[in-house]
Structures are given as C-alpha cells and as structure tokens.
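**Q** To start, I am sharing the structure in question, which I have written as structure tokens.
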C-alpha cells in the first residue's frame, strides 16, 4: 500500500465516525468531477505542473482545520471538467476512480473493525470496476445494464447494478438542480434536445416522439403513450454511425407526421446533441454536422461534444452520402437498436 493510502487510512482512524460519514458523502457525490480532472491534469502535466503537485484529491477524504482550503481546491478541479470531457475519456476513468475511492473506504472501515459496514462499499467498488471496463471504447457494451426496448430495467439489473444506477440518477438530479440549465431546448420548430426527463414537466410540449440515447436511465411510465426509440449509449460515448442513421430515419418519419421530436441523454450535452446534429442535416436545416453543432450551441450554450461524438458524426456523414435512397414509408416501431462490442459497423446503414 502506498504512503498516501496509509496516511489516508491513518487519518480516517483518528477522526470520528461522524466526520468520516460527512467526508464520504462529500466525496461520493463529487468524485466523478475529480476523476475526470485527474486525467486532464496528467495530460497537461507541464502546463499545470505546480497544481498537480500541490493539490491532492485524497486529502478530501478527511475533515480538519484545512477543510475550506480543500473545499476551494475541489472547486478548482470542478472548473476543469469541461476541458476534460472534450478529450472523450470521461466515464471509464470516472468510474475507475470512484471504484478506487470506494475500495479505500472499504479498507478503512475494515481497519476500524467495522466489517459489516464495509462490505457494501466493497460490492459497490466491484460494480464500478465492471462498469468501467464495459464502458471502455474498445469494449463498449451498454447492453450490460439490460435496458429493455421499452426503456425499463429488469429486476436483476436494478439489484445487481444498484450502486451505479442510483448513483447516476442522484448525481444527475443534483447536478441539474445546481446548474439551473433548462431541461430541454427547442433547436428548430418541433425539434427538442435536452436531458433525461425525470418528471412529466421536463418533457417538451406537443406529445413528442422520444429518442432516448441513455443506457443508464429508465423511461417513465407517464411517457408510455409517446412513440419511443432507445439508442443505448454510455455517458461521454457516441452512438454508432448506423445507430445515428436509424434514429434519424425514425425521427424524419415522425416529423412527416407533424409530431415533435425530443432527443435526450443525461444532460442534453453530448449523446443527444450528436443525434440532433445528424437530424438537422437530414432535414436540410443545415448543410453539415459542424454547422449543426454551432446551430444547436446558439440555442443550448452548454453542449460539449467530444472527439468520439465528432468521429461518429464524420463517419455518419461519409457513409450517408454513399447510401442509396430508401423507401421512407417503411414502418418502424420503437425498437432497441443492436450494438456490437466496439467493432466497426458496415459502411451500409440498415434500419
């Protein structure tokens, strides 16, 4: 065990249980922010050399007289999150770091003799490791969570992956509440992009057709009457070009029926924006996805697609140009789009 880990465990042993619980809650809800910033700082080592040396994220595990210095340090790390997301490394490192922290908590509680209390943290750590591996771009297995075509989760998934599923839901709610950002934005007439609609009030007007780009959030029962298409994708990852094309064709048919279309992911910043960019191009509102990104940013300023989103859209654009025109009257119902485990798709799109 490293010297830093030994110091953490030593400090935890000296603090009271109350201080430990407070420190854990603080760290648990914001560890995702810290982890992505770690990657950014490492990649920019020479530019942020002094910062990398002076700020130690493990010190946030304890509360002492320097608490407010640590609190300010946390917000410095938090402010770098947007730059880190541009690198497209978010979820895998985020969850891996969370797994490490949970394991440290497990080890700390075990050292204090609280074996039963420590076991849930060990299980949550193992689940985080599994999610980290499954969300890696070379594996890319969003179906691991078992999300059904109708947007629901089987009971086995809710039980097995509860440490992850409920963490992202709580974290998403807190983050959106603190940001003050609108739950959705109308980018063009009848076209909406936004975050996960966790309540009926968060759904755009007009009984819209819904394209769900998440694999971690459920579809509410209140929305069962809305046409629904699920394109399951990990956070900070991009739908495959073939999935983008299928979603675009489905959305074009709904618009032909004069029905609004709402594309959402967790926050309406990445996955959903990628699909909306393609849809704007397909409808002839803009010429290419780069113009579409600027077009959407004018109406939803906090979008931030990363390199993976850009790559998927570029591949979609090239393949779409070589794809022969198909019969647009094909009847497509709400269906879960199949994925391959990180393998390239065929140049031809299918639906």
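Backbone N, Cα and C define each Cβ position, glycine as well.
Straight out of TrEMBL:
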TRANSMEM  20-42  transmembrane segment
TRANSMEM  89-107  transmembrane segment
TRANSMEM  114-133  transmembrane segment
TRANSMEM  153-171  transmembrane segment
DOMAIN    242-311  domain 'Tyrosine specific protein phosphatases'
REGION    325-351  region 'Disordered'
COMPBIAS  325-343  compositional bias 'Polar residues'
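Where in this structure would I find these features, and how exposed are they?
**A** For the transmembrane segment (114-133), the residues of the chain that approach it from at least six positions outside its boundaries are 91-93, 95-96, 98-100, 102-103, 105-108, 139, 144, 160-161, 163-164, judged by C-beta separation under 8 angstroms.
A Cβ distance under 8 Å defines the sequence-distant neighbours of the transmembrane segment (153-171), meaning residues of its chain 6+ beyond its ends; these are 28-29, 32, 95, 123-124, 127-128, 131, 145-147, 198, 216-218, 235, 266.
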